[in-house]
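According to Swiss-Prot, the protein carries these features:
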type    : residues                                               : note
BINDING : Gly118, Ser119, Asn120, Gly121, Lys122, Thr123, Thr124 : ATP binding site
Amino acid sequence: MQATDFKNKKVMVFGWARSGKAAAQLLTKLGSKVTVVNGGEFDAQDATYRSLLAADVTLIGTDNAETLDSTYDYLIKNPGINYDHPLVQKAEKLNIPILTEVEIALSTFNGRLIAVTGSNGKTTTTSLIRDMLKADGQNVITAGNIGVPVSEVVFDLTREDTLLLELSSFQLLGLPDIQPDIALVTNIFSNHLDYHKTRANYVAAKFRITRHQNANQYLVLNADGQDTEKFKNETEAQVLEFSRTKQHFPVAFSNGNLTLTDEIVMPTKDIKLVGPHNQENILAAVTVANLAGVSKPAIREVLKTFSGVAHRLQYLFTAGDVKYYNDSKATDIEATQTALDSFDCPTIWIGGGLERGDDLERLLPNLKNVKAVIAVGETQQKIVTLAREAGKPVIAVTDVEHAAPVAVQLASPGDVVLLSPAQASWDQYSSFEERGDNFVASLKETLNS
């Protein structure tokens with residue numbers, strides 16, 4: 001789409017989160033006649049609310065489907081709002097195009113576009129790519145699912161800049177025309193089926209990242225993924241692959257080194273990130289960085305110092321020769337399996353959270369290095385049962401704040417303390433970030449007392 005597609009058009013923005021505000025502001029700059037609808041009243045003291053009112057934007061404090069009619073040209077939907085919402089269904093019935101704020105923003109951008117999607121590892125890999133480009137002296141702005149709406153940053157970019165996007169499957173559904181210069185799919189598992197209904201729908205949403213790429217553009221894929229062949233066969237882009245288990249790709253871990261086109265970048269022991277999943281993230285990031293012209297010294301500089309993204313198997317600190325990690329983002333069993341397998345030393349594991357009917361016994365094979373278990377949250381009793389089945393000592397406490405001092409007491413020099421819940425946080429916290437922050441604060445208070 002072009003920016004001119006929105007000029008003098010009637011556009012409804014559905015959702016008053018940060019992305020909705022950014023979309024409404026950008027649309028006013030593009031000359032659209034904007035209406036914002038929200039499932040609740042607006043805060044009259046909100047600065048964005050006041051500025052949009054001054055710009056003749058209509059703001060309606062209800063998401064009733066009756067607010068939408070055939071006079072609208074576009075519906076801009078918050079990615080988290082499901083397509084079965086009555087207002088969205090009405091837009092479909094009226095054949096009104098349903099977009100996300102990312103589509104509007106990209107219509108105004110003419111520089112290099114790198115887009116990252118996948119089930120796991122998106123944020124860590126995107127952050128690695130960003131830091132590598134910056135270390136190489138390139139001007140790069142990161143936005144999208146990583147926390148910053150694209151509409152907030154796009155007006156400040158020029159043709160010489162790189163826009164690096166992390167994109168969820170929800171966002172990709174509202175991006176009918178995206179055409180990245182470099183696209184990366186980290187991996188695909190069966191996630192968000194409550195939203196997409198089937199795995200096929202979820203995979204199709206991910207495929208949108210490459211659907212309109214051409215032969216001058218690149219698609220980077222995980223060679224170990226079950227959907228890789230489908231993507232390779234259906235894309236028009238040039239495909240590059242990476243693999244943690246195979247070494248015949250341009251970027252590889254080989255003989256104790258990270259190599260790029262058979263040249264040593266650095267010894268693996270000098271890389272700060274831990275875990276097999278982070279090896280995949282590194283391989284993906286280096287493949288993209290190399291395509292983007294990043295030098296080996298810049299790649300090496302980042303990998304020597306990058307310790308991870310907050311709440312994602314994040315190394316916190318070492319105290320009393322015990323290493324502490326915050327993996328609060330591990331909201332599913334697969335993520336915690338990966339975290340537990342990242343350490344070959346005695347581990348104090350803190351697990352549990354929202355009850356969703358998951359089969360936690362799948363974690364049994366991953367407990368071999370676990371020294372003791374601390375169970376929290378709604379699934380506390382399931383964690384206790386799991387630990388006892390594995391023959392591990394287990395202590396049940398109410399929450400991560402109480403788990404932290406227990407973990408400190410249980411740990412000995414050479415151990416790892418790992419918060420990796422394997423469950424969502426909403427039984428006790430508003431987000432995985434709040435859960436992780438509270439854990440870290442309790443750890444620091446305990447260690448400093």
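Using the three backbone atoms N, Cα and C, a Cβ is placed for every residue, glycine included.
Here Gly121 (ATP binding site) comes close to Thr186, Asn187, His277, Glu280, Asn281, Ala284: these same-chain residues lie at least six apart in sequence, with C-beta atoms under 8 angstroms from its C-beta. Around Asn120 (ATP binding site), the same-chain residues at least 6 positions away in sequence with a Cβ under 8 Å from its Cβ are Thr186, Asn187, Phe189, His277, Glu334, Ala335, Thr338. Cβ proximity to the ATP site centre (mean Cβ of Gly118, Ser119, Asn120, Gly121, Lys122, Thr123, Thr124, cutoff 8 Å) flags the following additional same-chain residues: Val116, Thr125, Thr186, Asn187, Asn281.
The number of other Cβ atoms within 10 Å of the Cβ belonging to Ser119 (ATP binding site), over all protein chains shown, comes to 21. The C-beta environment of Lys122 (ATP binding site), restricted to residues of the same chain at least 6 apart in sequence and closer than 8 Å, consists of Val116, Asn145, Ile146, Glu166, Leu167, Ser168, Thr186. For Thr123 (ATP binding site), the count of additional Cβ atoms within 10 Å of its Cβ stands at 23 [all protein chains shown]. Within 10 Å of its Cβ, the residue among the binding-site residues Gly118, Thr124 with the fewest other Cβ atoms is Thr124.
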